[in-house]
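Per TrEMBL, signal peptide is recorded for 1-23. If you look up TrEMBL, you'll see 63-215 marked as domain 'Cupin type-1'. Positions annotated as oxalate binding site by TrEMBL: Asn109, His114, Glu119. Annotated Mn(2+) binding site per TrEMBL: His112, His114, Glu119, His160, in sequence order.
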Amino acid sequence: MASFISFLLLAALIGMASWQAIAAEPSPLQDFCVADLNSAVRVNGFACKNPTNVTADDFFKAAMLDKPRDTTVNKVGSNITLINVIEIPGLNTLGISIVRVDYAPLGLNPPHTHPRATEIFTVLEGTLYVGFVTSNPDNKLFSKVLNKDDVFVFPKGLIHFQFNLDPHKPAVATSAISSQNPGIITIANTVFRSNPPISDDILAKAFQVDKEIIDLLQA
C-alpha cells in the first residue's frame, strides 16, 4: 500500500512538472537556436541554423526605434513596430519580443489580444488610457490613465487596448512581450472581417442587433 501511495505521489509530481513545462514556450537546450527562416523543416517555432554559420548579425537589427512612425496609415491613428523572431532570428526559443507603438492625437490601439504572451507596457511620451478585460463570466475591466514612465501589465491572452487622451499631441510607448512570436488578434477584424465572413445571422444573434447593423459593420 505504501509503495502504491508513493507511486501516486510520484505520478502527481510528474504531472505538475509536465504542466509547467508546456505552460510557456520551451526553454532552450543550448546557448542559442538562431532561426533558419528558409528551412523546410516544420517544428513548433523554427529549426536551428547551423551554429557554424551564425554571426552577430543574427542577433541584431538597426530598428531605429527612436524614430517616430507614421500614424496616418490607418483610421484608428496608431502604428505598431514589432521586433520578433522574423526580424531578429536570434530570438528563436528565447521567448521575448519588443514593440514600439506610436499614437496620433486621440489615436487608439484597438482592443486586441496576444494569444501566446504577457505584455509589460511602458509609456515613453504622452498620456494614455489603457485597460484589459478578464475572461468570462466576470468580464471585469481593469483600467488606468498612464503618464510618461508609467508601466502597466497586460496578462497573457486577455483583451486589452490603449488610447491617447491628448487631442493635440502624439504619444509613444514600448512593450516587452513574453514570446518570440506573440501573435495578435484584433477583435473587430476577427469578428467582422474574417475570411470567409461569419454569417450575419450568427453575429446578429450574438450581438442582439439587426442584421442590417452587422452588414454595416462588416462593410
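Heads up, the Cβ atoms here are built off N, Cα and C, so glycines get one too.
The shown structure was predicted, so the numbers you read here are calculated from the model rather than taken from an experiment.
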Which same-chain residues, if any, lie at least 6 apart from His112 (Mn(2+) binding site) yet have Cβ under 8 Å of it: Ile159, His160, Phe161, Ile184, Ile185, Thr186, Ile187
Local Cβ density at Glu119 (oxalate binding site) - other Cβ atoms counted within 10 Å: 22
Integer average pLDDT (0 to 100) for the domain 'Cupin type-1' (63-215): 96
